[in-house]
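The transmembrane segment annotation in TrEMBL covers 6-29, 41-59, 71-92, 112-128, 148-171, 204-221, 233-257. Taken from TrEMBL, the feature domain 'G-protein coupled receptors family 2 profile 2' applies to 6-259.
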Amino acid sequence: EYDRVLTAVNAGAASLSFVGSGFIVLCYVLFKELRKFSFKLVFYLALSDMLCSFFSMVGDPSRGFFCYSHGYSTHFFCVASFLWTTTIAFTLHRTVVRHKTDVEDMEAMFHLYVWGTSLVMTVVRSIGNNHSLGTWCWSQSGRTGKAIHFITFYMPLWGAILYNGFTYFQVISMLKNARRMAVGMSDRAYQSDARAEMKALNRWGYYPLILIGAWAFGTINRIHDFIEPGHKIFWLSLLDVGTSALMGLFNSIAYGLNSSVRRAIYERFPDRLQRWFPNSRFRNQQESELVAL
C-alpha cells in the first residue's frame with residue numbers, strides 16, 4: 001500500500017518536472033534569439049533535469065536492470081543538475097562582481113566540471129552497492145552503500161547550495177551598494193539600471209532555496225534511515241520522494257521562464273496569445289517595449 005503510494009507520487013512529480021524542463025529545452029531549440037551563453041547554461045540545466053526526471057519515471061523496482069538504470073542514471077543527471085546551477089552562479093559572480101567578460105570561453109571547462117564530476121560521483125557510488133529492490137531504487141540497503149550515497153550526492157549538493165547562496169549574496173550586496181551610490185549622486189539613468197538589475201537579482205536570490213526545498217526532506221530521510229534503518233517514516237518518505245522529483249519543475253519556472261522566454265513566445269505566437277490571454281502581461285510588456293523604442 002505505502003509502496004504504491006510512493007511510486008505514484010514519484011511518477012507524478014517526475015512527470016511534471018519532465019514537462020517543465022522539456023518546455024525549456026524546446027524553447028531553446030525553437031527560438032534562435034535565446035541561444036545566448038547565459039541561457040545556454042539554463043538549457044543544459046533543463047536538459048539534465050529532463051533526463052533525471054525521465055529515468056526517475058522509468059525505474060521499475062520489480063526488475064533488476066531497470067532498477068539499476070534508475071539508480072545510476074538518476075544519480076548522474078541529478079548531480080549534473082545542481083552542478084549546472086553552480087556554473088550559473090559562477091557566471092553571474094564573475095560578470096557582475098569581478099567585471100570579467102571571459103565566461104563564454106569557459107564553456108568547455110564547465111562541461112568537463114559538470115559531466116566529469118557527475119560521472120566520478122556515480123562510479124564511486126557503485127562501491128559497496130547493494131540496491132534494495134523496493135519502491136525507491138535510488139536508495140541502498142547496505143550501511144556502506146548508504147554512507148557512500150550520502151557522500152557522493154548529498155555532500156556535493158549542500159556544497160552547491162552553500163556556494164550558490166554565498167555567490168548570490170555577494171552579487172546582490174554589490175548591486176545594493178551601487179544603487180546607494182547612484183542615489184547619492186542623483187544619477188537617474190544609473191538608478192533606473194540598478195533598479196532593473198535589483199529586481200532580477202532579488203528573484204535570483206531565491207534560487208538556492210529551490211535546492212533546499214527539493215532536497216531538505218531527502219537529506220533528513222537519508223540521515224534517519226542511516227541511524228534507524230529498520231524504522232521508516234511514511235510521511236517523511238512521501239515528502240522526500242515528492243519534493244526531490246519536483247526539482248526539474250522548480251528549476252524550469254525559476255531559471256527558464258524569464259522575460260526573454262516570454263518575449264520570444266509572444267513574438268512567435270502574438271495573435272494566439274492575445275486571443276487566449278487578452279489582458280495578460282505578454283501584451284503589456286510588448287506595448288511598453290514599443291513605447292520605449
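Cβ atoms here come from the backbone N, Cα and C positions, even for glycine.
Remember, TrEMBL labels are computer predictions, not curated facts.
Tallying C-beta pairs under 8 angstroms between the transmembrane segment (71-92) and each of 6-29, 41-59, 112-128, 204-221, 233-257 places 41-59 first.
Within its own chain, the transmembrane segment (6-29) is flanked in space by residues 35, 39-40, 42-43, 46-47, 49-50, 52-54, 56-57, 61, 135-136, 237-238, 241-243, 245-249, 251-253, 255-257, 261, 264-265, which lie at least six positions past its ends and keep a Cβ under 8 Å from the stretch. Panel annotation: around the transmembrane segment (204-221), residues 82, 85, 88-89, 92, 154, 157-158, 160-161, 164-165, 168-169, 171-172, 233, 236-237, 239-240, 243-244, 246-247, 250-251, 254-255 of the same chain, lying at least six beyond its termini, place a Cβ under 8 Å from a Cβ of the stretch. Two recorded stretches are said to be in contact when at least 3 C-beta pairs lie under 8 angstroms, sequence spacing 6 or more; the transmembrane segment (41-59) and the transmembrane segment (148-171) fall short of this definition. For the transmembrane segment (112-128), the list of distant contacts is 44, 48, 72, 75-77, 79-80, 83-84, 87, 140, 142, 144-145, 147-149, 151-153, 156: same-chain residues at least six beyond its ends, Cβ to Cβ under 8 Å.
Note on the domain 'G-protein coupled receptors family 2 profile 2' (6-259): its mean pLDDT in the predicted model is 83.
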